[in-house]
Amino acid sequence: MSTQTISVPAPTVELTGRISVAQTVSHSFALAGRGFMKFMKSPIQLVDVVLTPIITLLMFIYLFGESMAKGNTDWYLHHVVPGVMVMAVFQASVGIGASLAADASTGIFDRFRSMPIARSAPLIGAVLADIVRYVACLVTLVALALVMGYRFDTNLVAGTGALALLIGFALSFSWMSVYLGMLIKNPTSVQGLMTILILPLTFASNVFMKNDGMPGWLQAWSDVNPVSLVADATRGLLNGGPVAHGLYGSLAWMAGVIVVFFPLAMRAYRKNAG
Amino acid sequence: MSYAIKAEGLVKKYGDFTALDGVDLEVPAGKVVGVLGPNGAGKTTTVRILATLMRPDAGHATVGGHDIVKDPVKVRQLIGLTGQYASVDETLTGTENLVLIGRLLGLSRRDAKARSAQLLEQFSLTDAARKPIATFSGGMRRRLDLAASLVGRPQVLYLDEPTTGLDPHARQEVWEVVRNLVADGSTVLLTTQYLEEADQLADSITVFDKGRKVAEGRPGELKRRVGGQVLQVRPTVAADVPLVAQLLGELSGHAPAEDSGVLTVPVDDPLLVAAVARRLDGAGITADELGLRLPSLDEVFLALTGHTPTVKDEASDAQPVSV
């Protein structure tokens, strides 16, 4: 053991006894950085968010596209691409519950909990780190769509807005998955449950077809379904057309989901600590 | 005397199971207190409560004068924790792990890197600084874990079974590190199920059994309290063991215990050693070993709790809730 000493300032040990909002943000970003490094070290973790949307898009365009498009392939491509972007990013967002459930059972979460950092920081950090997954997913989709002949009809600002909306949507809805992960704690069960829960949201929507062919009750649900609303807003932002209705509806859903599921997730996380 | 840790009447229940049944614990500043006990004794539960990872159902405790329930953030600003299970990130390198912790503790990126380099050097991990933890040996992992607990220069350090699962060589390495820390004046609360470990490292030992404190004192005091000295004889020729056993029984008035050729009897009369030596000499029996010693902590534990500290299933240490 070396007894060499190098002068390094000790961390500020004023015993404030509380964690400020600014510190919470900085802790969350530091922990998001940890998640980001982990993705960079094993990009294989991104394989699901890259492959699933590719398969979905190819399937809907080439397998079902002919019968759904009724001859108007270009219209159908413009309808489906934004829809599949919503669906894919939503599917990418539900993985976090399972991975957090696994992570939280390791000793490292004990270390975080024993440190003077915000209680919420490890969860917020993990949620933010998943932006890597969403970006990988969306970039793949856009590249594939361009190859298949899809073209944006709006400008760069609107296109960037669409990507921001999609990432924001995934970030807020991922708190449902975080809550289940903290509640159930078994990664496999969490993943299975989330897969079932998102089915009525993704398929009972206007992602693959206009919902005017649905029975009345299903159409009513599809009209207020967040996936439909985000898809509408995304179509408007990428293809041109009305944006406001879908956008406001989406933002209301995102705010609502955070208001309900962030506190629930935090409560379950604290309770787990005993 | 000022206490770094002071706990009174800590109780923790998991359903019907009482993990802690009213435990008091005092750790003087700058000392190492060893909590010794088998799995399920409540050691880890105590550490988790004192590290603010869980709340006690009853009782209260202060660390550095701050209440663990009312002022947990202040307590967290004073402590470092090395848990039973590696609490570092497997996929990240040694440096990345330590820098992350430094950043979380409010160091600038530059200072976090300097502190990390300093700790890696101090723990002889510089060569491994750029390798993922997953490639580390068990002993290196524990050392990095310890380094991670020390980034913030904690005043009070909890070491929860720091050498469980390590081979003897790696155990020695960790002991060396702990001795250096103590020389620097840190306060350490060490839990262990290894009697030798508590004996080697701790200034005083508290013995837990089934959620209760059953004894405390300096290692030597504990040994003396439980029956004073014993006489130990190892006859040179194994065939002499029964004869020597009979002789020891006559002279001491106690039935000797035999373990692989070594006979042990409690000593009530200081003249016993001389008497035994004369009789062996008279009978023409030689001994490789003949002397007085204090009882081992294993024997102490047996005397205090009525059972030996058997090492049971790892998972049985009162941790049904894991997150």
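Glycine too: its Cβ is placed from the backbone N, Cα and C atoms.
TrEMBL labels come from automatic prediction, so no person has curated them.
Sequence-distant contacts of the transmembrane segment (A:44-64) (same chain, six or more residues past either end, CB-CB distance under 8 Å): 38, 76-77, 80-81, 84-85, 87-88, 91-92, 95, 132-134, 136-137, 140-141, 144-145, 148, 208. Annotation source TrEMBL lists transmembrane segment at A:44-64 (among others).
Taken from TrEMBL, the feature domain 'ABC transmembrane type-2' applies to A:44-272.
Counting only same-chain residues 6+ beyond the ends of the transmembrane segment (A:76-102), those with a CB under 8 A from a CB of the stretch are 48-49, 52-53, 56-57, 60-61, 65, 68-69, 123, 126-127, 130, 133-134, 137-138, 141-142, 145, 148-150, 153, 162, 166-167, 169-171, 173-174, 176-182, 184-188, 190-191, 194-195, 197-198, 201-202, 205-210, 227, 230-231, 234-235, 238-239. Residues or ranges marked as transmembrane segment by TrEMBL: A:76-102 (among others).
Within the chain, the transmembrane segment (A:123-150) has long-range Cβ neighbours (under 8 A, six or more residues past its boundaries) at 24, 27-36, 38-39, 45-46, 49-50, 52-54, 57-58, 61, 74, 77-78, 81, 84-85, 88-89, 92-93, 95-96, 99-100, 103, 163, 166-167, 170-171, 174-175, 178, 182, 265-266, 269. The transmembrane segment annotation in TrEMBL covers A:123-150 (among others).
Summarising the annotation, TrEMBL assigns transmembrane segment to A:156-180 (among others). If one looks beyond the transmembrane segment (A:156-180) by at least 6 residues along the same chain, the residues whose Cβ comes under 8 Å of a Cβ in the stretch are 82, 85-86, 89-90, 92-98, 100, 123, 126-128, 130-131, 134-135, 138, 190, 193-194, 197, 226, 230, 233-234, 237-238, 247, 250, 253-255, 257-258, 261-262, 264-265, 268.
Annotation source TrEMBL lists transmembrane segment at A:192-209 (among others).
Sequence annotations record features per position, and here TrEMBL assigns transmembrane segment to A:247-266 (among others).
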With the cut-off at Cβ under 8 Å and a gap of six or more residues from its ends, the chain residues touching the transmembrane segment (A:247-266) are 119-120, 123, 165, 168-169, 172-173, 175-176, 178-179, 182, 224, 226, 229-230, 232-233, 236
